[in-house]
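As annotated by Swiss-Prot, NAD(+) binding site applies to 55-60, 89-93, 113-114, LYS126, LYS134, 152-155. What Swiss-Prot lists as Zn(2+) binding site is GLU167, HIS226, HIS242.
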Amino acid sequence: MENIIFSPLSSLPSIVEELNPYKIAVLTNDMLKSLWLDKIIELLGGDVFPIVIPDGEEYKTIETAIKIWDELVSFGFTRKSLLIGLGGGVITDIAGFVASTYMRGTLLGFIPTTLLAQVDAAIGGKTGVNFHGKNMIGTFYLPNFVLISTETLSTLPRIELLNGMAEVIKYAILDKNVYRLLQDVKNVEEIRNREDIIRESVNVKVRVVEEDLKESGKRRILNLGHTVGHAIEKLSGYKIKHGFAVSVGLIAAAKLGEKLYNFDSGKVIELVERFNLPTKLPYPPKDIIEAMKLDKKAWYGKIVFVIPVEIGRISIEDVPEELLLQVLGEIR
């Protein structure tokens, strides 16, 4: 499993020194350039090649990857060189994809600067770019390190905290310990200083991924809320943020759990509402179902759902379309 380090950014030089890279490149976006890039370059002694791409999910494409590969070639980047992804989920996804494919694999490190990336996108080795759908082209490639520092959350806009909060709620459904820790959190601003919740969320993901790196079995529980979530994102042309789509997906999964297993969906609805995340389906149920059928999570053309049986207990099964239409209609 990757080396996940909870530590201040000042520990970066010693982490990098252990890898002894030939060259170092840092991939970030134009929003983070002014916030964190200069600090990272300064920490690494200045001999760093910065690569800056536009901010946004719509730039997570094969065209962007080609531009980054071009820059790495011009920089004389080798397999023994280190690419650091500094940013949120878009950056870690595309940095991982580029590092895994350039010369069949370079050194890779992540400094996730958003809550979403810290608890989800930067953990577990999934990389990808969007192509007729979210992350349709990608690899499994574990980074050499993930440096998680809550200091990067100090500059994170509230909307991005909320974006990551949906994934934390997902872990609370999957794990009783995260659910317990969330009980005394009144609003999303408190998460900036709750390393314990971030750490526990990461631990849940790490435990699952260690059992099933390539998503052949148990890892699929991490897709809780994502079957509906990815369909919403796709239909919006990725204008709706990942977490805001997943929060609706979590409600749909909870409602399915209620119908199939008498799961108390109120526990999930309460969490989603407490953090002011969306609860209503923004598109017609039939459109959502059509988008789902194209998703990577559709197995043999069937729509496979991750369904809570109780907090900390999950079922994975294909759901009849009529039941799905009924549940989606209830949250429209």
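Including glycine, each Cβ sits where the backbone N, Cα and C put it.
Listed in sequence order, the residues LEU116, ASP120, ALA166, LYS170, GLY225, GLY229, GLY243, ALA245, VAL246, GLY249 complete the 8 Å Cβ shell around the Zn(2+) site centroid, once GLU167, HIS226, HIS242 themselves are left out.
In the three-state DSSP scheme, THR114 (NAD(+) binding site) falls into the coil class. For HIS226 (Zn(2+) binding site), the nearest neighbour among the binding-site residues ASP55, GLY89, THR114, THR152, THR155, judged by Cα separation, is GLY89. Between the CA atoms of THR92 (NAD(+) binding site) and HIS242 (Zn(2+) binding site) there is a gap of 15 Å. Sorted by the number of other CB atoms within 10 A, the binding-site residues THR92, THR114, THR152, THR155 start with THR155, the lowest. Within the same chain, residues at least 6 positions away in sequence whose Cβ sits under 8 Å from that of ASP55 (NAD(+) binding site) are ASN29, ASP30, MET31, LEU32, VAL90.
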